Amino acid sequence: MNILTKRIIKFGIFALLLFSPELFAHGERALEPFIRMRTIQWYDIQWSKNTVDVNQEIVLSGRFHVAEDWPNAVVKPDSAFLNLAIPTPVLVRTATYINGAIVNNSMALKLGGDYDFKLVLKGRVPGRYHIHPMMNLRDIGVIVGPGMWIDVQGAAADFKNPVTTLAGETVDLETYGTANGIMWHLVWLAIAAIWLLWWIRRPLFIPRHKQTLAGDEDALITSLDRKVGGFGIIGTLMLITASFVQADQKYPESIPLQTGRTEIEPLPMKHDVVVKTKRATYRVVQRSLQLTMEVTNKSDKPVELGELNSATLRFFNPTLQRFDSNYPKELAVEKGLDVQPNSPIAPGTTTTLTINATDVAWHNQKLASITKDTDSNFGAMLFFYDNAGERYLASITAPVIPDFGTN
Amino acid sequence: MVSQPTTISRAAEIVRISRIFDFLLLVPILLVIIGTYHLSMILTVGDWDFWLDWKDRQWWPIVTPLMGITFPAAIQYGLWKHLRLPIGATVCTVCLLLGMAITRWFAYHLWTNYPINLVLPATLIPGALLLDFVLLTSRSFFVTAILGGMLFGAVFYPANWAIFAPFHQPVEYNSSLMTLADVSGYSYIRPGVPEYLRIIERGVLRTYDTYATPLSAFCAAVLAVPLYGLWSYIGKLFSTTRFIDKF
């Protein structure tokens, strides 16, 4: 391979890395659209800052709604674990709060429930990382929330992870027990090495095999070998017993690994705006989702539709100017939501709205393929606002009829 | 004039070539055992051996020795039957430890940033030594299966307690009782290993109060006996020398 070929290959790999954002992603678009749209619906995701020093805390907070129309094809969320899609533990987790309660374990989620969460993290390994909130769902996979770039600054060697035991000893989880573990591995490795050298120092394969073939294999084992074997049994058992007793005496209050489930009730939510979807059409050529729906305003104030959020992809009604400029750009469509009629819905009235959520993001986020799923019901959250800025949430679902533009 | 080699120098030459052959053969054999045994343990024991907070007192002491006795039994058969070498089990477990050490250090610690204590492997060497010692002293696969197999299964937990006991100290963490191992598993984020995947004393072995570990060790000891027999037989099938004996 000449120098030119090598350079072309190197440049090709570099260019591939540089121009392929998917290579840095966490598989957030890998699950089928109907699962991403109708299981965990993330909203209000915020990082307390986007730069953190080693040992300094950073908080990821937000909410998620568990869709009422949970797909029949996947199991119900009886075991869920709030996690992070993160490139290795560059941050460590110090606390998880869900609806204000500490959660160290997995939990069951209730369909239709809204949950508020807060993850307290600490900078560990310097670098720039793309990090998402993520929900692990047993027998389903992961539902990934919107990702943000976080910078961790400082020196990795400065990181400490102190924990105090009930006996009052403060240990650093980064290194605790490592030297003891390696020491015991080396002890057993040394004994094994002596045993192997005892045999390997003698001729191995050809002479021993020839002697075995000749029926003289017993001469290959001396009486000293057998004595060593006998002492080996006793010595090994004694060392195992001694090491066990020593560890047991040193750590008399040891307990088994802890496990369990945490029960958390969903947030009490008022659903003053009720939405019934009449028809949903996805126009493939225009990359536009058209919804016709009946909206009943049960609140005492007029409300307007400000946003549609489906699988973290957000379409904003430009009239209300609710665009979130801190949200990942590839997931936010500033003027993507057209609402007709685009006027407030009076209290106590029911209005039929036709909305169009239009953008190439449907395709880029691999949500347009909902029309090719086995379960082609889509799911989304609608955010209505009154003139005082109060928000009203509605979760919607409907079968999507594709319009391929062939008529 | 060409001098003819004497009988003594020819014998010395044969011994020297034989030793070179020994080591030329030994290196690839060890590399194959490192690769295959390690892969087998990754596929069968997997997370139980990878993670500190998976090493519970009920399943870990059963799963690991039962999956770990496979290669030692097979290799031990071949080395004893054809070479009268009682080192098969020890060779396997030393190779396994080397493979694990390389993986844990380079892949888990240096590459993916996990602290080495979170991925400390367990040791199977004590049980393997006993397996080899029993074979040497008894010179019987039957006795080795019964006595050696039982010891291999039974000593796994006590032999590893010296390594893992420090991580079982209790901690009050975020208002919950946890072990240091639990806290470590919670702190160092693993996107693909959610907490609910851990199989911590899950099952019906509930009627013996806190004596889960001795029962698990006993269970491992009993089950290791037939597994030793099965894998010795597999070793017999795969360690034939009929292709080289004609030479």
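Every residue, even glycine, has its Cβ placed from backbone N, Cα and C.
Here is what TrEMBL says about this protein:
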- B:20-39: transmembrane segment (TRANSMEM)
- B:59-80: transmembrane segment (TRANSMEM)
- B:87-108: transmembrane segment (TRANSMEM)
- B:114-134: transmembrane segment (TRANSMEM)
- B:141-164: transmembrane segment (TRANSMEM)
- B:215-234: transmembrane segment (TRANSMEM)
For the transmembrane segment (B:87-108) and the transmembrane segment (B:20-39), does the number of C-beta pairs under 8 Å, pairs 6 or more apart in sequence, reach 3 or more?
yes
Using a Cβ cut-off of under 8 Å, list the residues of the same chain at least 6 residues beyond the transmembrane segment (B:114-134) that approach it.
49-53, 55, 60, 64-65, 68-69, 72-73, 76, 86-90, 92-94, 96-97, 100-101, 104-105, 108, 143-144, 147-149, 151-153, 155-156, 159-160, 163-164, 167, 184-185, 188
Contact set, same chain, for the transmembrane segment (B:141-164): CB under 8 Å, 6 or more residues outside the stretch:
52, 55, 57, 60-61, 64-66, 68-69, 72-73, 76-77, 80, 89, 120, 122-124, 126-128, 130-131, 134-135, 181, 213, 216-225, 227-229, 232
